[in-house]
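Summarising the annotation, TrEMBL assigns domain 'CSC1/OSCA1-like N-terminal transmembrane' to 5-168. Feature annotation from TrEMBL assigns domain 'CSC1/OSCA1-like cytosolic' to 189-346. Marked as domain 'CSC1/OSCA1-like 7TM region' by TrEMBL: 359-625. Summarising the annotation, TrEMBL assigns transmembrane segment to 6-27, 97-116, 146-166, 360-386, 453-477, 550-582, 602-627.
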Amino acid sequence: MIVSALLTSVGINLGLCVLFFALYSVLRKQPCNLKVYAPRLVAEGRAGQRSHFNIEALLPSAGWVRRAWQPSEDELLNSCGLDGVVFNRIFIFSLRVFSVAAIIGIFVLLPVNYLGDHLRDIDFSDLPNKSLDLFTISNVKDSSNWLWVHFSAAYFITGVVCYLLYSEYKYISNKRIAHFSSSKPQPHHFSILVRDIPSHGRSSLSDTVETFFMDYHPSDYLASTVVCRTSKLRGLITDTENLYRRITHLKSMPSSSQNQSHTGFLGLFRKNGDLMGHYAKKLEDLEQNVRLEQSDISAGREVAPAAFVCFRSRYGAAKALHIRQSTNPTEWVTEHAPEPHDVYWPFFSTSFTQRWISKLVVVVASVLLIVLFLLVVAFVQGLTYLEQLEALLPFLKNILKITVVSQIVTGYLPSLLLHLVASLVPPIMKLFSAMQGYIAISEIEKSACNKMLLFTIWFLFFANVLTGSVTSQFQIFLDPKTIPERLAVAVPAQASFFIAYVVTSWTSLSWELNRTIAFIGDLISRRCSKTNDDDFQIPSIPYHSEIPRVLLFGLLGFTYFLLAPLILPFILVFFCFGYIIYRNQKELLNVYQPKYDTGGRFWPIVHNATIFSLILMQIIAVGIFGVKKLPLASSLILPLPVLTLLFNDYCRKRFLPIFHDFSAETLIKKDREDRNDPAMEEFFDKLVTAYRDPALMPIRHSTNSNDHSSPLLSKV
């Protein structure tokens, strides 16, 4: 029945995928507003190419697959930066690894498992109703010599993965250096952030910074920009922007309704107010308050002990970054400066006490999230057992007796619910990271990516494998000697659940393709929002949620490679779908637009997660051979984790420093190339003001309250 439920889940997901793909093909060809499906395409003005109705537009087409396949890696680099290339390489690496793993698993390990000595009567006609255990290593007889096939497969796949990991790490490292060498001068290459600046008597913070760096970096120092606290100013600017959008929306309405409003309680009293005049006067007051607040901040009354310091060369900035500036290590602390548009300015508006309290709140909130999700996992796992579900909900007993219903409830519904709950976690993790005090949006997303990775590994995997109370889940790690044996028993038992989870992910990929959720949200916002329909922001690539999601399937593939190789074809299909779909969504400029580029710094996260997955597979292999009473194989597999860790240590020392900083050779060579560039003077002029807080920029709206028929606002 387990296999039958799995086949039902596969059929449901294949049908949904075909439906979504057909829907996407139609929507991509419509002449109407496409901002939901291709916001970046619309923003660049290419959506208006079809301005007339065409019956051919209603026919599904797979032409988008060909267009997604065509761009070269250099084109992807130009459109999405090195981070987009790294994301694309994750799929390429996964496809290479699991193509090899699927061949070994399906054509070697799966027959060995199915023809194990525990099976007496082989009836292929009744295959859908057989237990999935027949396809796992559990069906192989204890002490059987066939287990040496699994032993050899463990060593072989480890060698393949390490070779491909090394190749990818080397390739991306070289790509990072080449990308830097060919790039134009960027402000963050010439700048650093200095924090914990000490105060010196009556001197302003700006004068203190300039005096210090002129004394100790006279030949390299260019300028500095002191960071100001602008939380109150940002609130005023937000109110101004909201009022501007409301006026813009009101102006788009018929003139007969512009000056009528219901401003009383529930809109029942005080009709026919001069709404346009009221809003115009309110906007003038807000703009005046913004200008006054900007004047106070510019006068140095609200400054933070931090500054962005710019230098005349990349090498000069690197020297200031890595040399301790003061005899007191807690003063003049330096760190990398992010790209100007990558700076998370609200961080500088909070005090040290507020940041400390925020970190404490994040810890407490994380614990509550853990407990809440464990309850969800316990409920989801209960759905996989009809007996528990009937005992919990006795009124469903007759309905659950229907074969199709029981197969959907046990094989499809649990993984679908887990997907829906897990989709709520990435925004929460990003909020937690923002509260921790990072100075860049990219650092916030990297931190959220690490949190999501821990979440997916522990709670989406271990919490489902080690079912039971929180105490029983942690007890397994209190006695390290029993970890391999306990995992060897617990992990194979959840093979059917994770296969269904992988299959359900095909549907989530289809949702990503046609952006169903975005479509519904756009319909609601058009009806309820008082903003201009043409004023929308292009979404950024959510690396913090997508990278851990992809790595989770790598973890499942490695973990069940020896135990239940039946999962490998489904994982391979997921990576095939994901490769095409994400190229279409991210790399072809159709949907997403990157807001920052870390220079490929997400790849070390991918590398470490893959190493962890390999070691977990090897630890489970030790336990499996021990449970199967093959102690020699269990002993001979022990060197494999050690060799894997040694390989990881070599890669960490060989490649990881390239992702932290560029060498003096690279920096000096690039500086020498720019010496004869006449555009550098113009670049240095812009560099002086590159790190000015956007909240201190001149007001972007102007009013004209004398004539209500003329535009009240205009962008400067």
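Using N, Cα and C of the backbone, Cβ positions are placed for all residues, glycine too.
Whatever TrEMBL says is automated annotation, not expert-curated.
These figures come from a predicted structure and were not determined experimentally.
Counting Cβ pairs closer than 8 Å and at least 6 residues apart in sequence, the transmembrane segment (602-627) and the transmembrane segment (146-166) reach three or more and so form a contact. If one looks beyond the transmembrane segment (146-166) by at least 6 residues along the same chain, the residues whose Cβ comes under 8 Å of a Cβ in the stretch are 93, 96-97, 100-101, 104-105, 108-109, 112, 116, 137, 140, 558, 561-562, 607, 610-611, 614, 617-618, 621, 624-625, 628, 630, 633, 636-637, 640, 643-644, 647, 651. Looking just at the domain 'CSC1/OSCA1-like 7TM region' (359-625), the mean pLDDT is 76. For the transmembrane segment (550-582), the residues of the chain that approach it from at least six positions outside its boundaries are 10, 17, 65, 68-69, 87-88, 90-92, 94-95, 97-99, 101-102, 104-106, 109-110, 113, 132, 135-137, 150, 153-154, 157, 161, 453, 456-457, 460-461, 491-492, 495, 498-499, 501-503, 505-506, 509, 512-513, 606, 609-610, 612-614, 616-617, 620-621, 624, judged by C-beta separation under 8 angstroms.
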